[in-house]
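One structure below.
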Amino acid sequence: MADTDCKWDPGADKYPLLGFGQAVIGPPGSGKSTYVRAMQALLAQMGRKSAIINLDPAGEDEPGAAVSLRELLGLEEVMSELRLGPNGALLYCMEYLQENLDWLRGRLQGLRGTYFLLDCPGQVELYTHHPALPDVLRRLGAWGLRLCAVHLVDSHYCTDPAKFISVLCTSLSTMLHVELPHINVLSKMDLIEQYGRLAFNLDYYTEVMDLSYLVEQLTSDPFFRRHKRLHEKLAEVIQDYGLVTFMPLSIKDEKSLRLVLSAVDKASGFCFGETKQSLGNLMSVAVGADFQFTSYPSHDCRG
């Protein structure tokens, strides 16, 4: 495991804003790394400097990543030395990062002002109930990194009512646990027709409309018919909170990627400018003033 001596400049703390960025989260296979690379390419096209921060100790080093957790420790190393399985080793890596966060802080200080793309691990419990990663993200926020969580979910779950209800529960739990501005994304929309026919229009899934219709779709299966009451209660919880909606995304469609970036920029506050400007801008919005995003050309969130 690497030396964790802190190399950040304490004097730099007089500048409170480290930068803006996205914490890209979601289950395995949802397309996080592909999204990160596509988003970096889009940002470069728009003239916005960005850096990929690979926080997944399990994957191979992200091509072009400015910082990789594997510089500090790798999953295989932890599994070998501590005789842990893959899941236990990944949790250990996150806890190790949590305890040695000055290492990451020092690396990010050298990239101050860059737009950060945090490529996070795919283990679901890291976002739903384990404390390490949410604590890391909160502490980065306290150090001046304004993050928005981008939660990717494979759109194939829309083709199965039971799986979609499960995804809704996971998304809600993640939003409540991570406690960041949050954008849920249905990824791989270009493949959705290959997954099977949807029971409802796409808007039904993205806007999470009346879930009672989805529960009714489960009654054709004897197993789910026996647990209909459970699914009804889960649907009630999701709709009572009223927090979960999705944005559709196809990496092959630049327009959909720009729409996600625009939503992220608004959620994180990037559109409202740097620290000295942002309070006034936010207050203008709060009192109903006519705010023009074009006031800050370098922070144009319209794409």
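Keep in mind that glycine also has a Cβ here, set from the backbone N, Cα and C atoms.
Given the structure is predicted, the values throughout are model-derived calculations rather than measurements.
For SER187 (GTP binding site), the same-chain residues 6+ apart in sequence whose C-beta sits under 8 angstroms from its C-beta are GLY26, SER30, GLY31, TYR35, LEU152, VAL153, ASP154, SER155, LEU249, ILE251. Residues or ranges marked as GTP binding site by Swiss-Prot on the basis of similarity to another entry: GLY29, SER30, GLY31, LYS32, SER33, THR34, SER187, LYS188, MET189, ASP190.
DSSP gives ASN87 (site 'Stabilizes the phosphate intermediate') a helix state. Residues annotated as site 'Stabilizes the phosphate intermediate' in Swiss-Prot, with similarity to another entry given as evidence: ASN87.
Nearest Cα neighbour of ASN87 (site 'Stabilizes the phosphate intermediate') among the listed binding-site residues (GLY29, SER33, MET189): GLY29.
Across the recorded positions listed here (SER33, ASN87), the residue whose Cβ sits among the most other Cβ atoms within 10 Å is SER33.
The number of other CB atoms found within 10 A of the CB of GLY29 (GTP binding site), across every protein chain shown, is 12. Across the residues annotated as binding GTP (GLY29, SER30, GLY31, LYS32, SER33, THR34, SER187, LYS188, MET189, ASP190), the widest Cα-Cα separation comes to 17 Å.
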